[in-house]
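TrEMBL has this to say about the protein:
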- 11-17, 39-41, Arg303, 329-331, 411-413: GTP binding site (BINDING)
- Asp12, Gly39: Mg(2+) binding site (BINDING)
- Asp12, Glu13, Gly14, Lys15, Asn37, Ala38, Gly39, His40, Thr127, Arg141, Gln222, Thr237, Arg301: IMP binding site (BINDING)
- Asp12: active site, proton acceptor (ACT_SITE)
- His40: active site, proton donor (ACT_SITE)
- Lys138: active site (ACT_SITE)
- Ser297, Thr298, Thr299, Gly300, Arg301, Pro302, Arg303: substrate binding site (BINDING)
Amino acid sequence: MNIVIIGTQWGDEGKGKIVDILSQKVDYIVRYQGGNNAGHTVVVGDKEYIFHLMPSGILHKHKVCCIGNGVVIDPLVLQNEIEGLKRAGINISGRFKISSLAHVIMPYHRILDQLREAKREHKIGTTGRGIGPCYADKINRCGIRMADLLNPKVFAEKLKDNLKEKNEIFKKVYRHPGFDFKAIYREYINYGNLFASYISNTMLLLNEAACDKKDILFEGAQGTFLDIDFGTYPFVTSSSTTSGGACIGSGVSPVKIDKVIGVAKAYTTRVGEGPFPTEFSLEFGKFMRKKGNEFGSTTGRPRRCGWFDALMVREAVMINGISELVIMKMDVLNGLRKIKICTAYRYKGKLLHEFPQDFEALSKVKPVYEEAPGWPETSNKPRCYKELHPNARVYLNRLREMLKVKVNMVSVGSSREDTIFLDC
Ligand code: IMP
């Protein structure tokens, strides 16, 4: 079975843990969009691994892990992750593949990302990793791909061409000295040598795997509302984070996708700027951030926190074709007297039941909440649905009714064991 895992909010839903669990049952795991703006945390025993580029399934021996053509790769970050895995005794040789069509993040992408953000009046809150400028070059047809790093002549031509134009812009627009060809050329040709054994035609590999009835897990990064089209534009990332992105970013046809699983936190978080209708008040936000340890795994930035927004997640279910939902961090809600779910927005005296596409409306809507009773803190972690507090079960059932989707897993802690499988 070929499954896509998707974040249904603004990213950081906890997809890494779910990918890690589901990886046990599949043969191939694929990252298909985004770059090292993502941070996927996986806890195994007393060890915590944070991946920015590596598919989270890499911790499972014998599984083949691919970085698809839709990902943008910062080679230094990838090199560090590969070395980290080697140090941890995890052998990736022969089972880690990088698409030769994946675009490469260059030093000028990173700097441009930061300079642009500094100049912006309305900041996006970018992670500053060069993701946007790299995707922009891809669309502008001047990007550099992994295969180019294996071909010194082609790489030199492309790099020269890029620097000719970009250095002018850096100097004139940003008063930046620009970039030296030789230094970048040497560094990146070296990456080509380092990655040569991993770079391959992953599109072919995955299609052959699908034909052989192997199981593939497509690991989404970020979340639905950071999608370049369907997200809260312009406060979004630069890739297709919705399920369609899995096909474009891997070369596997939509007819070969069997199921899309959505991941949602039991509340909502957002890093960076942009509208957030259900955001908590300052004090309660601080309290919940601490309770949920809501700090970005990529930048360490504090995450903004708010109540569960059923309008958002319902839209995510629709766009992605989600048939099963996983609820993460249920335990963070323990000990709250009451819990709210946003069921509609109020705007200019009217009730809205759909997530508005107009930016001004989204920025000004007031959430309409349904309240549910909370449940106490517990020292024992529930291990099955029946062990969840009755009010927690009421909350889950209410989400299921509102979202019209099956909830098949609930996470109550960071480790693999803190996961309840249910069929409600
Ligand atoms: P960029 O993709 O680094 O340019 O960031 C654009 C927006 O997406 C910013 O608001 C980031 O905080 C947000 N963002 C990017 N990647 C992630 C992620 O993995 N989790 C949560 N937010 C993200």
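From the backbone N, Cα and C atoms, a Cβ is placed for every residue, glycine too.
All TrEMBL annotations are machine predictions without curation.
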Query: Which residues in the same chain, at least 6 apart in sequence, have a Cβ under 8 Å from the Cβ of the residue listed as 'active site'?
result: Val72, His103
Task: Going by DSSP, give the three-state secondary structure for the residue listed as 'active site'.
output: helix
Statement: Near ligand 1 by the Cβ criterion (under 6 Å), the recorded positions from Gly11, His40, Lys138, Gly300, Pro302, Arg303 are Gly11
- prompt: Once near-sequence residues are set aside, which residues in the chain of Gly11 (GTP binding site), 6 or more away, have Cβ atoms under 8 Å from its Cβ?
  reply: Ala38, Ala221, Gln222, Gly223, Leu226, Thr241, Val271
Message: Residues other than Ser297, Thr298, Thr299, Gly300, Arg301, Pro302, Arg303 within 8 Å, Cβ to Cβ centroid, of the substrate site?
response: Gly39, Val271, Phe295, Gly296
- prompt: Which ones are near Thr298 (substrate binding site): of the recorded positions Asn37, His40, Thr127, Val412, which have a Cα within 10 Å?
  reply: Asn37, His40, Thr127
Field: Under 8 Å by Cβ from Thr299 (substrate binding site), counting only residues of that chain that are 6 or more apart
entry: Thr127, Gly128, Val271
Field: Whole-number Å value for how far Gly300 (substrate binding site) lies from Asp12 (Mg(2+) binding site) (Cα to Cα)
entry: 12
Statement: Given the binding-site residues Lys17, Arg303, the candidate whose Cβ has the fewest other Cβ atoms within 10 Å is Arg303
Field: Candidate nearest Asn37 (IMP binding site) in space, where candidates are the binding-site residues Gly14, Ser297, Arg303, Met330 and distance is Cα-Cα
entry: Ser297
Query: Using Cα-Cα distances with a 10 Å cut-off, which of the recorded positions Gly39, His40, Arg301, Pro302 are near Lys17 (GTP binding site)?
result: His40
